[in-house]
Amino acid sequence: MAFKDTGKTPVEPEVAIHRIRITLTSRNVKSLEKVCADLIRGAKEKNLKVKGPVRMPTKTLRITTGKTPCGEGSKTWDRFQMRIHKRLIDLHSPSEIVKQITSISIEPGVEVEVTIADA
């Protein structure tokens, strides 16, 4: 018995493409930019649609304290501040590929948050 050629090509299973947002936060700008560049380079090697890095406004946390522990003496103050930098990267790809991209070595002090939504 011979098989008939119907002219149809075999149907490949559709891979669900998600909109993936990667949020990076850090106190150190150099390490944050290095991780951003590594993520984007990995995504471009896989021919993914990339938007970003979007530089969000820097949050500056300030604390002002009196220098003397007892409150006596001259009124001198210490001012401390911590700057938190944030970057957003948007990808359009299947979630399996994102697992491969985000498996790169991430600098210490950089926090990574991955949010997946349907495209």
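Glycine is no exception: its Cβ is also placed from the backbone N, Cα and C atoms.
Per Swiss-Prot, the features are as follows:
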- Lys4: ubiquitin cross-link (CROSSLNK)
- Lys8: ubiquitin cross-link (CROSSLNK)
- Ala2: N-acetylalanine (MOD_RES)
- Lys8: N6-succinyllysine (MOD_RES)
- Thr9: phosphothreonine (MOD_RES)
- Lys34: N6-acetyllysine (MOD_RES)
- Lys75: N6-acetyllysine (MOD_RES)
- Ser93: phosphoserine (MOD_RES)
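Rounded to the nearest whole angstrom, the C-alpha distance between Lys75 (N6-acetyllysine) and Lys34 (N6-acetyllysine) is 43. Separation of the C-alpha atoms of Ser93 (phosphoserine) and Lys34 (N6-acetyllysine): 22 Å, rounded to the nearest whole number.
Most buried of the modified residues Lys34, Lys75, judged by other Cβ atoms within 10 Å, is Lys34. Here the Cβ of Ser93 (phosphoserine) has 21 other Cβ atoms within 10 Å, regardless of which shown protein chain they belong to.
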